[in-house]
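Notes follow the structure.
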Amino acid sequence: MKRASYGWEFIAPAALLIVTFVVLPCVWGIGMSFTHYDAIAPARFAGVDNFRRLAGDPMVPLTLKRTALYVIYSLPTGLALGLAIALALNARWFKGRNFVRGLYFLPNVTSLAAVAFVWQWLMNPEFGLLNAGLRRVGMSTLGWLSDPNLAMPSVALVGVWQGLGFTILIYLSGLRGIPEEVHEAAKIDGAGPWPTFRSVTWPLLMPTTMFLTIMGVIAGFQVFQSVYIMTGGGPLDATRVYLFYIFQSAFQNLEFGYASAMAVLLFAIVMVLTGLQWAFYGRRLRTWQ
């Protein structure tokens with residue numbers, strides 16, 4: 001019994017932090033979603049009024065669409081780039097892989113606010129380095145953050161750049177877990193690099209891809225800081241994502257009850273999407289096995 005209690009003693013500090021800063025705020029937020037609260041007057045019970053208002057708010061589907069667009073831009077691009085770089089780093093001919101791997105992971109541990117400010121400067125239409133490079137080669141400059149058609153792809157680019165190191169690291173772990181004998185058997189059978197990747201490497205990386213996809217969707221629906229700093233939701237609401245709308249409802253309009261109801265809806269959407277991805281990838285895994 002004494003030996004068994006050691007495990008609880010080790011996990012108790014982490015469990016206490018999780019309960020204090022994750023579980024209790026979630027429970028408090030769910031309770032707040034059934035109230036009218038403006039941080040000035042006492043909270044008043046509202047029943048399902050906030051959820052009824054959600055159903056008729058035209059900004060909810062609009063901001064959800066913008067958020068989904070961010071995920072569509074950032075997730076496939078990040079996965080493709082991360083996999084390509086991981087394959088190169090995993091090759092035997094590549095020298096200095098540990099240094100390059102650390103270099104790619106550096107943006108992932110950098111403050112997102114600092115990253116957003118740097119990219120905002122790089123994309124400045126007047127003195128940004130990106131437009132300076134375009135002028136240098138005789139091309140017309142672009143309104144990276146001022147053009148409604150380019151603003152969301154530009155913000156997604158920042159998300160891809162910052163999360164690329166994590167994607168590379170996870171794919172490298174997946175590649176290291178593939179037995180070398182499998183690739184050797186494919187070579188003996190006469191398979192070239194592309195058939196080997198398509199029929200051997202990619203199916204064996206499916207659990208890794210499933211993990212990265214689920215984490216990418218969750219992170220994509222939580223995008224806020226880069227939008228808040230780089231565009232402020234503009235231009236013309238082109239980057240007004242769902243979490244930014246929650247922020248506006250809570251801290252600009254002081255509608256904390258309504259913002260909490262929006263957060264509950266976001267939690268439900270993410271849970272449903274995660275379940276659908278589990279079902280999809282689980283079926284694919286069973287098919288390949």
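From the backbone N, Cα and C atoms, a Cβ is placed for every residue, glycine too.
Source: prediction; values computed, not measured.
Listed features, source TrEMBL:
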type     : residues : note
DOMAIN   : 64-277   : domain 'ABC transmembrane type-1'
TRANSMEM : 7-30     : transmembrane segment
TRANSMEM : 68-91    : transmembrane segment
TRANSMEM : 103-122  : transmembrane segment
TRANSMEM : 150-172  : transmembrane segment
TRANSMEM : 204-224  : transmembrane segment
TRANSMEM : 256-281  : transmembrane segment
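Between the transmembrane segment (68-91) and the stretches 7-30, 103-122, 150-172, 204-224, 256-281, the greatest number of Cβ pairs separated by less than 8 Å involves 150-172. For the transmembrane segment (7-30), the neighbouring stretch richest in Cβ pairs under 8 Å, chosen from 103-122, 150-172, 204-224, 256-281, is 256-281.
Beyond the ends of the transmembrane segment (150-172), by six or more residues, the same chain brings 66, 69-70, 73-74, 77-79, 81-83, 85-87, 89-90, 101, 104-108, 110, 112, 115-116, 119, 123, 142-144, 205, 208, 211-212, 216, 219-220, 223, 226-227, 230-231, 234-235, 238-239 to within a C-beta distance below 8 angstroms of the stretch.
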